[in-house]
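Here is the structure we will look at, set down as structure tokens.
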Amino acid sequence: PPDGGANAWLCVLGAWCASFVGYGWINSIGTWQEYYQNGPLAEYSPSQISWITSLQVFFMSVLGPVTGQIYDRYGITYLVRVGSAMHVVGLMMASLSDKYYQFLLSQGVCSSIGVAMVFVCGLSCISDWFDKKRGLAFGVLATGSSVGGVVFPIMSSNLIRVLGYGWAMRIDAFLILALLVVANFTLRTRRPPRPVKLTAASLKKPFTELSFNLLVLGLFLMPFGMYVPITYLPVAATGEGYVSPGMAINLVAFYNATSLFGRLGSGWLSDRYGKYNIYILCGYLSGILVLALWIPARTEAAAIAFALSFGLVSGAYISLMGALVPAISPMEEIGYRNGIMFLCSAVGGLITSPIAGLILETPAGWNGLKLFAGVFLLAGTTGVVFARVSRTGFKLKAVF
């Protein structure tokens, strides 16, 4: 890979736009969860409402192997075009919705399928252009979701207050459309696609490698912990009564603001000290913060401190996740293997919020939910540790 040049960095720009409208949008789901609970879907339980937002995470992941195979065999062009159209049309339809099933189909299904197609393409094509600077490139890409995660909650909540839900969603969709136009013109692959016949052996190959299986196990467990703070941070703060509703919305923006620096910084550090090493460090710190700071938080200052610190250390989850697979995989299989990774993480993305809603209905309440998140963050990170050990042995100083 050239590790630079105009085409390479234009690809990063397009991937940044895809990240902004992809995980940037998903990082703002706490805003929509709270609006739906207190507005048009107030008669539904938090667990039922969370299926709308959980499907966004699920489709982002579950379509990975299919999108990855199409990417590896036929290239990027049609995937990005079709995905862009579905994302924007889905949100436009959501702006006209007033019933649960309409929100579910438009925002939860149509929009989510579209953004998954675009994001997987952006993630995969960067590996084709970068090698030694791959961590930095992924870090830059991941800042797109942080910026989106800052912009969307603040913009959406203010637009809902001033213009109402319908126009708030439509204006969000127009912004997404503009960024997807940029992505359509800048995302490109370095090598021409190579259509090859699929065989059972080629589909099974990644699962014959111990390091890949351990990595997938770790990334399967991580979302059970990671998406609880992202989704429930503002709801928990108001539910426990120590933060005002206005400040609760700002907690999402605080998280995403520091996550911007965490994602860029972890990408830069990973090129120096190893992708796995930095990911593992940040994963353990994320779990510790949930258990040691979020659980005992009972003041507005503590909630703000957790949002800022968790955003900083958890940024590596997004910025380096896509860099872990190329470190142990052949380049011609990157699309498919990235897809498998996202598929396995999809289970957590789909059912974490419904499980969280059920936990909240038990006597364990918010503390039980926070404990659930912290334990799964630590368990998932341990899986990534085992993947590293399977490649490097017990060499703590190995740059990997």
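Note: Cβ is positioned from N, Cα and C throughout, glycine not excepted.
What TrEMBL lists as domain 'Major facilitator superfamily (MFS) profile' is 1-391.
Here TrEMBL flags 7-26 (among others) as transmembrane segment.
TrEMBL lists 46-66 (among others) with the feature transmembrane segment.
Taken from TrEMBL, the feature transmembrane segment applies to 78-97 (among others). Within its own chain, the transmembrane segment (78-97) has Cβ neighbours under 8 Å at 21, 67, 70-71, 103, 105-107, 109-118, 120-121, 165-170, 172-173, 176-177, 180-181, 183-184, 187, counting only residues six or more beyond its boundaries.
Under the heading transmembrane segment, TrEMBL lists 103-123 (among others).
Taken from TrEMBL, the feature transmembrane segment covers 135-155 (among others). Below 8 angstroms of C-beta separation, residues 8, 12, 15-28, 30-31, 122-123, 126, 129, 171-172, 175, 249-250, 252-253, 255-257, 259-260, 262-271, 275, 278, 311, 315, 318-320, 322-323 of the same chain, each at least six residues beyond the ends of the transmembrane segment (135-155), sit close to that stretch.
Long-range contacts of the transmembrane segment (167-187) within the same chain, counting only residues at least 6 positions beyond its ends with a Cβ under 8 Å from a Cβ of the stretch, are 10-11, 13-15, 17-18, 20-21, 25, 76, 80-81, 84, 87-88, 91-92, 94-95, 118, 121-122, 125, 151-152, 155-156, 159-160. According to TrEMBL, the feature transmembrane segment maps to 167-187 (among others).
TrEMBL lists 207-230 (among others) with the feature transmembrane segment.
The feature transmembrane segment is assigned by TrEMBL to 242-264 (among others). Sequence-distant neighbours of the transmembrane segment (242-264) (same chain, 6+ residues past either end, Cβ-Cβ under 8 Å): 24, 27-28, 30-31, 34, 139-140, 142-143, 145-150, 153-154, 157, 229-230, 233-235, 282, 297-300, 302-304, 307-316, 318-319.
Sequence-distant contacts of the transmembrane segment (276-295) (same chain, at least 6 residues past either end, Cβ-Cβ under 8 Å): 135, 222, 225-226, 228-229, 262, 266, 269-270, 302, 305-306, 309-310, 313-317, 320-321, 324, 327, 367, 370-371, 373-375, 377-378, 380-381, 384-385, 387-388, 398-400. Here TrEMBL flags 276-295 (among others) as transmembrane segment.
The annotation transmembrane segment is assigned in TrEMBL to 301-328 (among others). Residues 23, 123, 126-127, 134-135, 138-139, 141-143, 145-146, 209, 211-212, 215, 219, 222, 226, 229, 233, 237, 242-243, 247, 251-252, 254-267, 270, 275-276, 278-279, 281-283, 285-286, 289-290, 293-294, 334, 337-338, 341, 384, 387, 391, 400 of the same chain sit 6 or more residues outside the transmembrane segment (301-328) yet have a Cβ under 8 Å from a Cβ within it.
Here TrEMBL flags 340-359 (among others) as transmembrane segment.
Marked as transmembrane segment by TrEMBL: 371-389 (among others). Below 8 angstroms of C-beta separation, residues 211-212, 214-215, 217-226, 228-229, 276-277, 279-280, 283-284, 286-288, 290-291, 294-295, 324, 328, 348, 355-356, 359, 364, 400 of the same chain, each at least six residues beyond the ends of the transmembrane segment (371-389), sit close to that stretch.
Sequence-distant contacts of the transmembrane segment (46-66) (same chain, six or more residues past either end, CB-CB distance under 8 Å): 22-23, 25-26, 29, 32-33, 36-37, 100, 103-104, 107-109, 111-113, 115-117, 119-120, 223, 227, 231, 235, 336, 338-346, 349-354, 356-358, 360-361. Within its own chain, the transmembrane segment (340-359) is flanked in space by residues 33, 45-48, 50-51, 53-55, 57-65, 68, 120, 206, 215-217, 219-224, 226-228, 231-232, 321, 324-325, 365, 368-369, 372, 376, which lie at least six positions past its ends and keep a Cβ under 8 Å from the stretch.
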